[in-house]
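Undergrad: Here's the feature list from TrEMBL:
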type	residues	note
COMPBIAS	107-121	compositional bias 'Basic and acidic residues'
REGION	107-141	region 'Disordered'
Amino acid sequence: MSSCSLCERQGRKCIVSSSDPSRCAECIRQGRKCDVRGPVESDWDSLDRQKARLDEEEERAISVSQEAMAKILRLRKQKRFLLKRESEMLRRGLRTLDELVEAEEKERLEKEKIEKERVEEETANVDAAPTPIDSSSFDFFDPSLPELSEADLEALLAGVGTSGGMPVASQGS
């Protein structure tokens, strides 16, 4: 039989007690718990609880670390924004932040006005331009349809109304 952990640590010979076969004589003499029969279920449960506690602590530490890193990144972004604003104020020769805000608002409104005029001009050009009708206007060729013979094509064209719409036979509904 193997030694208990106390006897093994102390380098002693482990002798199981005749009065209590679950403990050795040295553990009984020192009034300690003995594991001469191997670890008991409560030892395994204790180890499991300790591992779970450490896992939870590790998760909390990771969470705190991630929150701290996110805060650092936010602060750096804000700092870059402020440095950009500062350099913009210097470039424009402005004395206050209010002047910068006003100048930026004026630029934004000017850009919106230019964009609106451009869109209106494009819309007017599209409305005024004639729409050519040629074969390139029809983008619905289906190659899976069978090829029409001359007779089929003439019959189809003869059935088209004068408005260039649907064949006369199908306009009833």
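Using the three backbone atoms N, Cα and C, a Cβ is placed for every residue, glycine included.
Caution: TrEMBL annotation is automatic and unverified by curators.
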Undergrad: Using a Cβ-Cβ cut-off of under 8 Å, list the residues of the same chain that are 6+ residues beyond the ends of the compositional bias 'Basic and acidic residues' (107-121) and lie near it.
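TA: Distant Cβ neighbours of the compositional bias 'Basic and acidic residues' (107-121): there are none.
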Undergrad: Write out how many residues of the compositional bias 'Basic and acidic residues' (107-121) are helix, how many strand and how many coil, based on DSSP.
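TA: Grouping H, G, I as helix and E, B as strand yields 15 helix, 0 strand, 0 coil.
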